[in-house]
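Visitor: Pasting in a structure now, in structure tokens, and then I'll have a few things to ask.
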Amino acid sequence: MSFRRNGNLSSTLLLIAANVLIPVAIVIFATGFFPYKPLLPGLAQYEPLDGYGEPPEAPFDKLVFMVVDALRSDFVYTTNSGFKFTQSLIRHGAAIPFTAHATSPTVTMPRLKAITTGSVPSFLDVVLNIDEGDESSSLASQDTWLAQMKAKDTGKLVMYGDDTWLKLFPGTFDRADGTTSFFVADFTEVDHNVTRNIPGELRNDDWNTMILHYLGLDHIGHKGGPRSPHMVPKQREMDGIVSQIYKAIETQDHLKSTLFVLCGDHGMNDAGNHGASSPGETSPALLFISPKLKGLQKNQDSPLPDAEDFQFYSTVEQSDLAPTLAALLGFPIPKNNLGVLIADFLSIWPKKADQAYLLHENARQIQTVISAASGTKTFDGALPAESCASPTSDYEQLACEWQGPSNNLMSARVGDDMDSQWALPVVTWLRKAQELMSGMASNYDMSRLILGQITALLAVIFSLSAAIKTVSPTRSLTPLLVISIAYSIMMFASSYVEEEQHFWYLATSTWFGYLTLRGFKRANTTFPAHLLLTAFPVLASLRLLRAWNQTGQKHAGTPDIVKLFIEPHPHFLWLLVGLTYFWTHRQLVYSFHGRIPVPINYPVMTGLVLAAFTFKAAFTLEDAPELVVEFVKSSLLDFTRGASLIARARAVFVGLGLVAMAAMGFILWEMRGAGGNRKRSRRKKGPAEAITTLQHLYTILALTQSRTANIPVFLIFNLLYWFLSSEIDAPDGTGLSTVELGISSLLLQYASFFAMGGSNAISSVDLSNAYNGVSNFNVVLVGILTYVGNWAGPVWWAFGTVVLLGEIWRRDQRQKRLGSGNNGKRGSDEKEEEAEAKQMLEGGQISPFKTYVAVTTLFTAFSVAAVMAACTILRTHLFVWTVFSPKYLYCVAWSLVQHLVINVGLSGLLFWLGSF
């Protein structure tokens, strides 16, 4: 016994060490992988340029900057577009069109940072993008064209639309009306709140900058994709706003010198999402509009035929907006800008000296950024010839190449005769400098990367040692090691990372195929019965899971069960949804049977489930009204008509909390009964019985936080859960072992995540249920609701695994008592079970939960080490910020939240509560 206890203790210490090292490795690696970008402080000011006079006079003094969220280039430029008036402006030269390249991550906050500062935002801004209370992402202390327009003091700044602007620029706007929408089905009100302010502002003459940011088109994309029937009408609505503003500029004297910019912050993919780097996501439209631009005689054809790469007209970088607006509106280029003045506008200034001034100022400003980044004064004078013969750095190479463009600028400044392409070498040099400095986002702290990987490798060694000491026989770890090693190898290929779901679908089907095949060999099983009643339903369920939602990158948006069968047949959807809630209601009532009287049990559970069901129906009516059938509207929503969605959600959460408190009370009461002198409750059979109720309550929460079309998936989960439960007590000694249950749970947690629409792309994060019951932003509540909404399936399987671990523990205790010759007397059974539970908790024997933790920790350590190694080795890969960095963030979520918080922390607490 002493040897067993010592071995148990050493394996426990190894497990603890591994689970401590995992988060430590993640933090160390993250601080080296995600770079901190140094910023030049203060506002830029005009500084004398040798040989030049005053800055050229700006042609515009006011700016209307209209952002249509997710305005992909083809939405404006192609034949099927609803922007007919805008296209007429392009034909007549009053609008100069571009495709603006938006670098990943293609979400609103980092794109607005690029647009306003001209710099490359941090990749971690994608995380801050959902935190409406975050202030660390503020640009209040940075140099932006908004700060420059405010410093001009020629008028007020006003903003109407997406309140991300208010978070980025606190205290900047003199008048503002921020809009936010918790529901992507809000196609109209969220835009009307912007449009209603326009007529009054166009009559006012006290402003110099007006920001408009429309969200409706982006919401339509998230809801129905780029080919949604709502898309073209929304485009026509936005085109009407363009017409209204343009005509006001044409007819009102105080707006004569107003520059109107229409752009998207990002585009969208074929599924209507964004965040990654597909051509559709990185190709928003950009137009400069003004009657004054007709003088440039840049009339162009419009509309254009479709293009698969979404590149129309000239392509520029989004960051190019900052220096271009600086030239057109007459203010210094923001200090941290990496953008290049768009050369199409140079002809506005007829004098070559003025054109040279603008390009030279752009070059000098970028040279200042380069000098600050490199810590050298490379551009202070001409480099010696020997340095340029063999430059020691990219910065030195750039300085050597500056001599030619510099000579061109000098010739233009003094009025020498030059061909029309004189500015091309200058622009080419600026583009090269832009590319070099944009790559600074890839400056890594290699010492931290290596230290993080060493720490992760130690976690792998400790977890493997703990698993070997914990699991007997050791060969039962072979499937887990195969899965872990295969998964680790897969992390080094970008295509496999993007399509990771196929690995889990294949592994899960193979594993469950093995489990069902094992059933054919049992003595009491007939082939036809086992095939029809077990093997076929299980494997068919897994096939349904695989086809429920198409995810990944290559096939996102292609037909799946939801699109082909669920959404087109809402009556069938609500039949399945109703069955899911009915089954959950039945389980809840049964779990409280014998604990509270039937006259209380049935009404309370019915009320809770009805509250949850009616909330989901009301939410769907708001989010996707076409999915709500008349029966649901008339029969279930009428008697709660008038209740807000926030009130409905809060009623569900409060009900869940109260019932959970009651369940915990019964657990604690039974724990007291088990530890006292009284007879143990006859209903108390082990961990599973005590926590089953909490599992069913979580099911209600998971249904509340899941998309309506995904609710029937929980029926499939229940069937697979039944199969695993039946395998535990299988005859002939072939019952499910703890290691096999751990592997099954691991596979189902990952497979369920992808089956419900998850992927390794930032664009697949579902925020539609992140604000249920929340009236004001709270980062903790929204974070929890977001996680449950996206990891509803994996958390459900974590709860279910704890219950099944309890069943395995009870089975093993029964087998031990039978093996020791106990005749099965109740009193003896209860005393031995209590003694064995005490011995297990005190370390005398290995508990099933510890084995389960050993399984999940081993895989987690492998996955963390593999993802870190892939990010390090492939840090110069083209897709490092679009594939591997998002994968690292998902790895953090799986490791810290799903593994440590859910699988180890919460599951451990539940198992401990049920083990008394």
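Just so you know, glycine gets a Cβ as well, placed from its N, Cα and C.
Automatic, uncurated: that is what TrEMBL annotation is.
Pulled from TrEMBL, these are the listed features:
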type	residues	note
DOMAIN	441-915	domain 'GPI ethanolamine phosphate transferase 2 C-terminal'
TRANSMEM	12-36	transmembrane segment
TRANSMEM	449-468	transmembrane segment
TRANSMEM	480-497	transmembrane segment
TRANSMEM	527-548	transmembrane segment
TRANSMEM	596-619	transmembrane segment
TRANSMEM	645-669	transmembrane segment
TRANSMEM	708-724	transmembrane segment
TRANSMEM	736-758	transmembrane segment
TRANSMEM	770-788	transmembrane segment
TRANSMEM	852-875	transmembrane segment
TRANSMEM	887-913	transmembrane segment
Visitor: Report the mean pLDDT of the predicted model across the domain 'GPI ethanolamine phosphate transferase 2 C-terminal' (441-915), rounded to a whole number.
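Guide: 84, rounded to a whole number.
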Visitor: Residues sitting near the transmembrane segment (12-36): Cβ under 8 Å, six or more positions beyond its termini, same chain?
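Guide: Contacts with the transmembrane segment (12-36): 122-124, 440-449, 451-453, 455-456, 458-460, 462-463, 465-466, 469-470, 843, 850, 853-854, 857, 860-861, 864-865, 868, 871-872, 875, 885, 888, 891-892, 895-896, 899-900, 904.
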Visitor: What parts of the chain pack near the transmembrane segment (852-875), using Cβ distances under 8 Å and only residues at least 6 beyond its ends?
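Guide: Contacts of the transmembrane segment (852-875) (Cβ under 8 Å, skipping residues fewer than 6 from its ends): 11, 15, 18-19, 21-22, 25-26, 29, 33, 442, 444, 449-450, 452-453, 456-457, 459-460, 462-464, 466-467, 470-471, 477, 480-481, 483-485, 487-489, 491-492, 494, 497, 738-739, 741-743, 745-746, 801, 805, 884-885, 887-888, 891, 894-895, 899, 903-904, 907-908.
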Visitor: Most CB pairs under 8 Å with the transmembrane segment (480-497): which of 527-548, 708-724, 736-758, 770-788?
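Guide: Per the Cβ count, the answer is 736-758.
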